[in-house]
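**Student:** When I checked TrEMBL for this same protein, it listed these features:
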type: TRANSMEM; residues: 43-64; note: transmembrane segment
type: DOMAIN; residues: 49-239; note: domain 'TM7S3/TM198-like'
type: TRANSMEM; residues: 70-88; note: transmembrane segment
type: TRANSMEM; residues: 95-112; note: transmembrane segment
type: TRANSMEM; residues: 118-137; note: transmembrane segment
type: TRANSMEM; residues: 149-168; note: transmembrane segment
type: TRANSMEM; residues: 174-195; note: transmembrane segment
type: TRANSMEM; residues: 216-241; note: transmembrane segment
């Protein structure tokens, strides 16, 4: 190929075609494409990928600690991406309508995965299986090509369902693993956009769809290696630091108990008056059965000894002086604030 057939463009990339840049079939040559980096980014994709960088760090390092947030983001990303891909196939609606429908569907699915625990665990395990299957297919494709697309689709679906069921059986271990795998994947994908405009992501996708694609650059493999590196780092961090001693079942139970324990006990004036009358009647019964407290002390001093449960003074307990457990609890529950409140209404 002569140098005259290479057409330069603004960012310095040379194209192996006499056609103008952007024409169908114009692809940068492998050596020149790997020598330059295009720093011209679109605003919306750049913002989305920047958010994915943050999400990737949160997923990998604090996935199990931020359990509810991770469940919401998993459902939101899955729902919005699927609906958007379906909407752009027909190209019947404007782009902003497609984006609005995708965001609405993602918000709905995100709320479901966050509020319904088993749905969130199932979705997290399903994503783990998908990424494990993608990595396995991309690696196996270097040795032998899958025969049909049905093979790859069956592998993706089978691994997704397998890990989804396992995540329901072993929620903490598989959630930590799933968040590390998911976080490493979106982190590597977001970095790939800023370095080479998702060329490595397209190469991995072409391995799944059995398409031919250009050979990645040398730094593409460095970007791809971030994925397993973040998986290992995330597993170590979550099991040793951020997720240690944390169980999402206990967090939900403790919050539920604290909410009910901190609820103020609301009683009507009639209930407070009834409890106060019961308390007064109980004190009167004790006084008539045992005598005055000072008299009891003098009798105990004169008689001397005779302590213990076998003494006469302590053995005359009757049904009038011993309250049932439920009544004692209600009498003890009459607080000073309720007594002052009742006096205020008098």
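In case you wondered, yes, glycine gets a Cβ from its N, Cα and C as well.
Just so you know, TrEMBL annotations never went through curation; they're auto-generated.
Distances, neighbours, how buried they are, the whole picture for these features please.
**Tutor:** Residues 70, 73, 172, 175-176, 178-180, 182-191, 193-194, 230-231, 233-234, 237-238, 242-243, 246, 248 of the same chain lie 6 or more positions beyond the ends of the transmembrane segment (43-64) yet place their CB under 8 Å from a CB of it.
Sequence-distant contacts of the transmembrane segment (149-168) (same chain, six or more residues past either end, CB-CB distance under 8 Å): 118, 121-130, 132-134, 136-137, 174-175, 178, 208-210.
Note on the transmembrane segment (216-241): residues 30, 33-34, 56, 59-65, 135, 176-177, 179-181, 183-185, 187-188, 191-192, 195-196, 199-200, 203-204 of its chain, located 6 or more positions outside it, place their CB under 8 angstroms from a CB of the stretch.
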**Student:** Taking the transmembrane segment (118-137) as the reference, which of 70-88, 95-112, 174-195 gives the largest number of Cβ pairs under 8 angstroms?
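**Tutor:** The listed stretch sharing the most Cβ pairs with the transmembrane segment (118-137) is 174-195.
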**Student:** Could you tell me what the rest of the chain brings near the transmembrane segment (174-195), counting residues at least six beyond its ends with Cβ under 8 Å?
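**Tutor:** For the transmembrane segment (174-195), the list is 37, 41, 45-46, 49-50, 52-53, 55-61, 63-64, 67, 70, 74, 121, 124-125, 127-128, 131-132, 163, 166-167, 201, 219-220, 223-224, 226-231, 233-235, 238-239, 243, 248.
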